[in-house]
Amino acid sequence: MFRILLFLATNIAVVLVASVTLRLLGVEPYLQGSGLNLTSLLIFCAVFGMSGAMISLFLSKWIAKMSTRTQVIEQPRDAVESWLLDTVRELSSEAGIKMPEVGIFPAHQSNAFATGWNKNDALVAVSEGLLRRFSKDEIRAVLAHEIGHVANGDMVTLALIQGVINTFVMFFARIIGNIVDKAVFKNENGHGIGFFITTIFAEIVLGILASIIVMWFSRKREFRADAMGAKLAGSGAMIAALQRLKAETQMPNEMPDTLTAFGITEGVKQGFKALFSSHPPLDERIAALAANR
């Protein structure tokens, strides 16, 4: 409920700020005079912007299973699978959530992810590489980290943030398109080619800039998931797991782009590219855990 209220409050705040800004700049009267209704435009953008994010959220488990070829453990076939189920059951109980589905996906890289539309209908999966190279304590810490994502409602939070971002990227791109169409292309009869070209270009540019905001939120929630992992599995085990991941940073990332934000780690990014990273540097995560031991 808090996240929904936060989402609504964010929308209202941005609408008010946008309205005041457009009035102060003298843009709103011009737009209304050219036939562009801001309220209708915002509703249109909100419907499409939020719909895309929500559809992705509700389909996230299915998409994750298909894109990673994850095999959900229905009946354990060996001692490792039995241990995985028991460990996830124990951790989810400690975190106060319903036990998620547990799966294994084929990848040499050590990684794991959690996804699902709510904390009581989630999926936690680990790679074959992680099971081969990590100790049980380290695997438990990684699972605790992913359970932390689920318990914190990170999938829902990021979907809501992405929906808000989608809405306002569409909204402001169309305002820019309308201004350019009227002022530069001198089109007074509906929307001309200038509107469509400018809108597409503006959506691309604004979308790239907006993704920096989404990734900033993503990096912040990684610290929270690490803290939950340390709480459930112990700081020592969580730090050891991250240190082992650090030793594998040169390995290619086999996680689909759509799931990178929900993995335990991603490839190292430097300079400007770091702004688009969904995970903080492993050294920063290790330092944060060490400081709170």
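Glycine is treated like the rest: Cβ placed from N, Cα and C.
Quick look at what Swiss-Prot lists:
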ACT_SITE  Glu146  active site
BINDING   His145, His149, Glu222  Zn(2+) binding site
TRANSMEM  2-22  transmembrane segment
TRANSMEM  38-58  transmembrane segment
TRANSMEM  156-176  transmembrane segment
TRANSMEM  193-213  transmembrane segment
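Sequence features annotated in Swiss-Prot and their locations in the structure.
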residue: His145; record: Zn(2+) binding site; CB count, 10 Å: 29
residue: Glu146; record: active site; CB count, 10 Å: 28
residue: His149; record: Zn(2+) binding site; CB count, 10 Å: 30
residue: Glu222; record: Zn(2+) binding site; CB count, 10 Å: 24
Going along the chain, which residues at least six beyond the ends of the transmembrane segment (193-213) come within the CB cut-off of under 8 Å?
161, 165, 168-170, 172-174, 176-178, 180-181, 184-185, 187, 275-276
Quick check: in three-state DSSP terms, what is His145 (Zn(2+) binding site)?
helix
Residue pair Glu146 (active site), Glu222 (Zn(2+) binding site) - Cα distance, angstrom, rounded:
10
